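Quick notes on the structure that follows.
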Amino acid sequence: MATVPTALAGRHFLKELDFTEEEFRGLIELAAELKAAKRAGTETRYLQGRNIALIFEKTSTRTRCAFEVAAADQGASTTYLDPAGSQIGHKESVKDTARVLGRMFDGIEYRGDSQTKVEELAAFAGVPVYNGLTDDWHPTQMLADVLTMTEHSDRPLREITFAYLGDARFNMGNSYLVTGALLGMDVRIVAPKSYWPAQEVVDRAHRLAAASGARITLTEDVAEGVRGAGFVVTDVWVSMGEPKEVWAERIKALAPYAVTMDVLRATGNPDVRFLHCLPAFHDLGTKVGQEIFEAHGLDSLEVTDEVFESAHSVVFDEAENRLHTIKAVLVATLA
C-alpha cells in the first residue's frame, strides 16, 4: 500500500512554484510506489467513485492517455471535453464553467494556451484543478522527468546535473529551470540569449536556489552548458499551434543547439541520458517532418535520430512515467 501524502489533499496542481521541495519530492516518491504496485499487480484503488473532467483545448497523446489510464487504474471515471465538446471561454465564461463542472466532478484537468484560464478554473471550481500544459508551465511533465532521472541515476537529486538545450522561453524552459531550482539540482539552460526564460522566471529560480542550494547556469555556449551533465534535455523548436512562418527563424537560431552525438560526447559522461517530452522531430516519419525536409532540407530538428534511438535515450521510460506521476497527483489530491 502506497504512502499517500495527506498534506496535498484537495490541492490544485497548477505550477511548480506552488509547491515546497518536500511536497514535490513526496509526489515523486508516491509515483514510484504506485508504479511498483501496478507492475506487481498489487495496486490499491484509492479513487473508487471519483469523477474527473479532462478539458483539452490543445491536442494530446501522452497527457490524455496518462490521465485516463491513471484514473481507470484507481477506479475513477473520466469525461473528455475537446474544443468542440465544451463552451469554455466561448459561449460560457471560464468562471461559470468552473462552477458548473465543480458541482459534477471531483477534479478537473485543463490543457490549453492560457495559464490565466487554468488559474481561474481553480479559483471557482471548488475542486482540485490540474494543469495538463499551458504556454507558461508544464508541471505534470516535470514530475515524470524527475522520476525518470531518479531511475537512471545512482545520485541523489541534489547531485544530478541536467542541461536543457533549445527554446527556453515557454513552458518547458520555465518548468525545468524552476523545478531544478526547487529541488536543489544543477540546472543549465543552453540557448541563444533571446531564447532564455523571462527575467521574472529567472529571478524566481534564483530565489528558490538560494534556499535549496541549486546551481543555475544560463549560457549560449553548448560545450560549457553540457559539460559534466548526467542528462541532456530538449523540446520541439516550434510549439503547438504556431504558424509555419516561424520555422525558418527558429531553425537558423537553434540549429547549433540540436542534440547530436557530439553534444552527448561533450558532456564527458559515457552514461549521459537523453530526455524529450515528445513528440520529437527526429526523422521523416511524420507529416510535419516531411514538410520540414521539403522546406529546409533537414531530416531532423531538435534531436538527431541517432541520439533518439541510441542507448542514451530514455524518452519512452519518461513517457511511461507520465502515467505514474499523474496518478500520484490524482491520488494525493483526491484520495
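Placement of Cβ uses the backbone N, Cα and C atoms for every residue, glycine included.
The annotation carbamoyl phosphate binding site is assigned in Swiss-Prot to SER60, THR61, ARG62, THR63, GLN87, ARG111, HIS138, PRO139, THR140, GLN141, CYS277, LEU278, ARG322. Residues or ranges marked as L-ornithine binding site in Swiss-Prot: ASN171, ASP235, SER239, MET240.
This view paints the features noted in Swiss-Prot onto the structure.
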| residue | record | DSSP (3 states) |
| --- | --- | --- |
| SER60 | carbamoyl phosphate binding site | coil |
| HIS138 | carbamoyl phosphate binding site | coil |
| ASN171 | L-ornithine binding site | helix |
| ASP235 | L-ornithine binding site | coil |
| CYS277 | carbamoyl phosphate binding site | coil |
| ARG322 | carbamoyl phosphate binding site | helix |
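Taking a C-beta cut-off of under 8 Å and a sequence gap of six or more, ARG62 (carbamoyl phosphate binding site) has these contacts in its own chain: CYS277, LEU278, ALA319, ARG322. Only HIS138, from the binding-site residues SER60, HIS138, THR140, place their Cα within 10 Å of the Cα belonging to ASN171 (L-ornithine binding site).
In this structure, the CA atom of SER239 (L-ornithine binding site) is 13 Å away from the CA atom of SER60 (carbamoyl phosphate binding site). THR140 (carbamoyl phosphate binding site) sits 15 Å from ASP235 (L-ornithine binding site), taking the Cα positions as reference.
Residues near HIS138 (carbamoyl phosphate binding site) in space but far in sequence (CB under 8 A, at least 6 apart, same chain), listed by position: ASN131, ASN171, MET172, SER175, CYS277.
Cα-Cα distance from ASP235 (L-ornithine binding site) to SER60 (carbamoyl phosphate binding site): 15 Å (rounded to the nearest whole number). Taking a C-beta cut-off of under 8 Å and a sequence gap of six or more, SER60 (carbamoyl phosphate binding site) has these contacts in its own chain: ARG111, GLY132, LEU133.
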